[in-house]
Amino acid sequence: MNDTVLVLNGPNLNLLGKRQPEIYGRETLADVEALCRETAAGFGLAVDFRQSNAEHALIDAIHEFRVGSAGIVINAGAYTHTSVALLDALNTCEVPVIECHISNVHRREAFRHHSYISLAATSVLAGFGTHGYALAIRHLAHLRAGRPA
């Protein structure tokens, strides 16, 4: 198993810090990437940090990391609620998958309450702000140490 965590971000997360800051905060995706790299380094892990607005690019990344990586942290954005294709890709994973949402999706619009991603996720984090990414990486390190989910 290699020591790289895939941190995968879906549509519109490239606008983090600019789009609806009252919901998502003012931190940018670059800030989140720095947080992820710093957190992972503390556990001897590396991060491959990606964002795409294209569903096929997210699927390709999942396929690339589904076996042999340290795990996947995914914030699929709006695809969380719509993408059976992402679910199918995640169901092929032999590594832990942590679903991460900046906002508490369960306190928002009803259509956001359903997640296809959760059906394949080892664990789910929502509503912790961007700190949720660090918690997700810590949890992957916890799982790698042989502790149960």
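Glycine too: its Cβ is placed from the backbone N, Cα and C atoms.
What Swiss-Prot says about this one:
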| type | residues | note |
| --- | --- | --- |
| SITE | ARG19 | site 'Transition state stabilizer' |
| ACT_SITE | TYR24 | active site, proton acceptor |
| BINDING | ASN75, HIS81, ASP88, ILE102, SER103, ARG112 | substrate binding site |
| ACT_SITE | HIS101 | active site, proton donor |
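The structure, with features from Swiss-Prot marked on it.
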{"residue": "ARG19", "record": "site 'Transition state stabilizer'", "Cβ within 10 Å": "11"}
{"residue": "ASN75", "record": "substrate binding site", "Cβ within 10 Å": "26"}
{"residue": "HIS81", "record": "substrate binding site", "Cβ within 10 Å": "16"}
{"residue": "ASP88", "record": "substrate binding site", "Cβ within 10 Å": "13"}
{"residue": "HIS101", "record": "active site, proton donor", "Cβ within 10 Å": "24"}
{"residue": "ILE102", "record": "substrate binding site", "Cβ within 10 Å": "23"}
{"residue": "SER103", "record": "substrate binding site", "Cβ within 10 Å": "17"}
Rounded distance in angstrom between the Cα atoms of ILE102 (substrate binding site) and ARG19 (site 'Transition state stabilizer'): 13
SER103 (substrate binding site) in three-state DSSP notation: coil
Secondary structure of ARG19 (site 'Transition state stabilizer') (DSSP, helix/strand/coil): coil
Rounded distance in angstrom between the Cα atoms of HIS81 (substrate binding site) and HIS101 (active site, proton donor): 12
Cα distance (Å, whole number) from ASN75 (substrate binding site) to HIS101 (active site, proton donor): 6
Spatially closest candidate among ASN75, ASP88, SER103, the listed binding-site residues, to ARG19 (site 'Transition state stabilizer') (Cα to Cα): SER103
